[in-house]
Each structure stands twice: as C-alpha cells, then as structure tokens.
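These notes concern the structure reproduced below.
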C-alpha cells in the first residue's frame, strides 16, 4: 500500500528579486568599518571576563569540578597513564636522536601551561613519534655525528664525544621548539585555527602511515642492535633500510631477544586490554612493567657488558638548567618548524574533537593552537623537543575514566618522580626494549596501509591524495611530505570545483520542481526556455568551463551565432552594394542609348534634306546593347534562422561565491544572449553571491538587470512564458545589435 503523503497548495504571484525585496521590505544590512573597529577595541568588565575565560579555560571548568565524583578516577587514570608516558617519552627521544632524558623533559614541562589553557579535558600533551622523527632530522642536519668525532690514538679508533653531541642537540631541540611555539602562538592570535581544514583526513592518514613506516625502519637498528649511520633528507628511509639489511649478519642476539620477548608480551597484554576494556577499571600498564623487568634482568646480570648491548645509559636526575634558544639558527629551521606547528596542531585538534564529541563539550580551535604554542614555548627553555597530543597516554586516560586536566597533572607527577629519583635505576635498560615499545605502538598506524583498497571504492580522488601523501612523505622525508600532500589536497579541491558538470533540467509534470531529464522520466520541456543547473563556485579556475558547459547543455554557442549572423549581414550588405552598382550601370547605359538615338535621328534628317535621292542605310547601334534592359536572375534569398529558445535560466543554488572573473563571464554571456534576443535569468542566487555580483559591477551600466534575478526556477519560468511575446527582436534591431557587438575574445582581453 502506497504511503499517503501530505500535500501543500501555494497561490502566490511570481517574484523576481527586486519585486520580492520591495514587497516584503528587505532590510539594509551595513557593517561600517568604523563600527567594527570600535566594537573590536571596546573594553568592559564583561569583555575582560570573557577574554580571561577564553585564554584560561581552567577558570570555567574548575568551579564546576566535583571532587567526590571525579577526583579518584582522575588520579587512577593519571597514574596509570603516567606509567606509559615515562617509557614512551624515553623511546621517542631516541627517534629524535636525543638522549632518553629529553623524553622525560618533554613529558613534564609542556603539561604545566596546558593544564591552565587546554580546552580538551582528557588531553595529555607529550611526545609523538611523527614529530620526534622530524625533530631528529633537524638534529642530524645541524649537529651531525661527524662534527663530534675524533681519532683516539690509544684505542686506534674513531671516537664520538657523545656527551657534547647530546648537549648541542638538546640546545637545537629547544631552539626548534621555541620557533615552533612562536609560529603556533602567532597563528592562534591571528585566529588561524582554520588552517587545519586544508589537511584532509586522507592526507593525514597517508602522512601518518608513511611516518609510521619510517619510524619502524628507524627503530630496527635498536631492535637488532646494529650500527647504522644516520641519514636525513630525501630517500633517507631507503638508505637506512639498505644498511639494516647489510648489517643483519652483525645482529646482537641479546638485544633481539629482549625486543622480541617484550613485543610478544606487550602485544598479548594490549589485546587483552582491548577485549576486556569495559570490565577493567583502567588499562594494565604493561609498558612500565616491561621496563622495570628488563632493567632488573639486564642490570644485576651485567648483560650489557657481556653481550655488548646498547643501553639507555646515565640519566641526569633533577630539573635541567634553563637555556636560551639560539635565534640565529631559526633561518635554517623555519620550514621544518612550520611543518611541526601545523602537523602537531592537526593531530592535537583531531584527537580533541574526537574526545569532545564523545563526552559532550566543545573545543576552541584557536585556543588549542595557543595552548599548544605556550606549552612548547615554556618547554623550549628546558630542552624539550616539539610536542603535541601523546596519543596512547591520552587514550589511556580516557579509557580509565579521566574527566579533567587533573589526570594530566597526575601524569606530570609520575614523570617528575622519575626525573628526580627513579631515573638513576634505568641506566642498564636496553634500547632494544624501547625500540620494541615503539614498534608495537605503531600497529594501528601500519594497519592503515590497507586504506587505498577501501578508498578506491569510495572516492578515487581521496585515494590519490592518500597515495601521493604517503609516497611523498616516505621517499622525500616528512617536511616535504607535508608540503606535497597539502599542495596536492588543495589541487584536488580546485579540480573538484573546476570540473563540476552542470546539467540541463526540465519540469517534473504538474509540479514546480525541476530535475535532470536523464534521471527522471516524467518531465516536460518548456518551449522556448532552457534551464541549466550549476553547483560549484564560479571563479577564475572554472569560469570558462562554466561557459562551455552552458553552451553544451543548451546546444547554442552565442559567440559563433553572432559571428555567423555578422558574416550573413556583411554578405547581405555586399549583395545590396552589388545590386546598386548594377542599377547604376543600367541607368548609365540607358542614358547613353537615348543620346545615340537622338544623334542618329538628327543625322538621318540631315541626310534626307541633303541626299534625298540616295538609298537610306540602317545601322544597328543597339547590337552591342541588346540585353541591356534584361534583368539578372535574382540572387538566392538569405534568411536568418530563429534562435531555438528565447530564455536561458541559470539555476545557481550551489554557487557559494564568485570572483571578478566569474562575474565578468556572466556579464559577457548576458551581453551575447541579449544581442541574439535571448533573455538570461539567474535563479536561486545566494545572498552573499548577490552582494558579490553587486560589488563586482554586474548590475552597473545595464550589464545585468536586477529584474532578471529570481527567487526560484519556477518564478523565472513563469516570467519567461508570460513575456516571451513581448521580447521578439526585429531583424533591423538584431542587425544593429550585431554590428555594434564587439568580438567576445577582444572584449575579454579588455577586462
């Protein structure tokens, strides 16, 4: 049984835009610049309070905090997440080519500003693998190992001054963090939080997958316990992988065993945590247990000395002495710093929006940029490397029931205890264990290698973005990957708007609805009216394509028709001139014949008087002009074919903006169709687009009449049908229009 649908009946006059505005008293909306400036700089107690609440969100959520309900969960979740933050921070410091203690610094100092300024309640700032490896490239470039190598005659070998190299690289890391922070704070104050919209999900996933693969390759040297020279720049991952394969015969078996056992145990516990996450009060902190057990086995048994394993080494206890960033190095870091600022912010915002949607609160993108920038800025004076959301730590806080920034405060306390006292016990920890922790945590990232298979089915353009981002990041290095991926994503957006296909539409029977006749069967075409729908911005990149689409859908090229009619009129004018010349020759010949006849008559009369006895001779003077009086056959009649339609309606509901090129294209089209006696109507023009048309001069000097704009397609159709008889252009008017019409290409170049 067919569902009974409600019906509606509307009886109203058809409106064009000026009539509608007049009928319903359209309001004038003006926003003077002076008023905007006054409003921007107006100061009051309420504005000051709102500013403080925006810059310091803790003032908003702290008075509403309920300790009895939330404090215990925050403490438990924070402590358990802190046990993940400590080993993960030290592991990611290795990716940054920095000493492990840098990971502790990076997991402590940035949390202080974020506690007061962050808008994501469960967020824990800290180290992130992608950012760590980008920082590591800068450290390798500005402080290569060769700068700290010298030949030791006693050992008869080249020795690296590791302590001095680490100190220099820590300074470079702090300087890079300071520059990144300055960029993020600047973008935050300029309200540039929207920069993240230019990074599509396909780009982020492709970039993260390639970065994860690079990270896995980078930690293989720790897992296998082999020496691999550091590389940076394009193809660095390939060179590193080749050297790892070459060094496999020299694998340190003890390091590999530690890594494999740690990986198997960690994977098993993570799977159990995931399966029973609803029953467990908080995830089982296997990372810290693996670190403790590995250290307990390695140290007392003196395994590093016996098997020559690479270990974490001495960790300085206490807080680091503050340093001043070296501004002179900023020029060499600018490109990477901007990439770090944007990528770190995007990761932070993506995670923040996910958590906010889950728990029902809002995230301020610009405030997040400021909070992240201030976190990096404070930490830059204490030798951190650039941080963002510590992904696994944040997820641990969330899954354990954390509700506020008190959880991150507890994470910070765990890290602080490690820095002040427990760090001394981590000296014999094998680096292969930290490498295994990193590799296992890359599982979800590396599973994204299957993304192209699914993306190809859903959107081939998005699949191309993923592939280009992945290949550029993996082969050209991370900063180049960001540039290429973002550039290609923007090109895809332009491509999508540039090649949108307009469609001719027709009326659905007995309705005021207009749809594509190729999609619906019960449609009727309106005699003399062509309707074309277009759903893309109209701007410099697609303006000419839009014109070609309209020509294709209507089957009429006004430029070619104008040119053809111009040639027809020129030919007709030449025919008239030729006829006039023939008539002139005929009149001249006729006059000459008359004169000859008169002269002959006078001569004959004279002869009659003088020689009346002689025979009369007859001379035919008209023998050469026998056909002078005959008319030439009339030339073939040339007729102008009528245009196939009298009204063109452009349905523009999907046009969200126009630039001057798009506006000029509409003006040229209107001029061409008007020359042919065709009216061009615009329907469903958005309010902002109308303002752009007005500002762009579309209604000036009689270009496009405001009365040619309609609220809907049906309004335009009703007007077209009613006034079609009054809009016939005579042949003389058409000839005059065509003669004064400029060549379309010439007019285009004038603008």
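Backbone N, Cα and C atoms are what each Cβ position is placed from, and that goes for glycine too.
Taking TrEMBL as the reference, the stretch among 54-79, 80-105, 444-469, 470-495 described by the feature transmembrane segment is residues 470-495. Within the listed segments 172-199, 508-535, 536-563, TrEMBL records transmembrane segment for the stretch 172-199.
Looking up the ranges 284-303, 304-323, 564-583 in TrEMBL, the one annotated as transmembrane segment turns out to be 284-303. Range 370-394 is the one annotated as transmembrane segment, of 370-394, 595-619, 620-644 (source: TrEMBL). Residue ranges 13-32, 33-52, 233-252, 253-272 are listed, and TrEMBL annotates 253-272 among them as transmembrane segment. When the stretches 123-143, 206-224, 370-394, 470-495 are ranked by Cβ pairs under 8 Å to the transmembrane segment (333-350), first place goes to 123-143.
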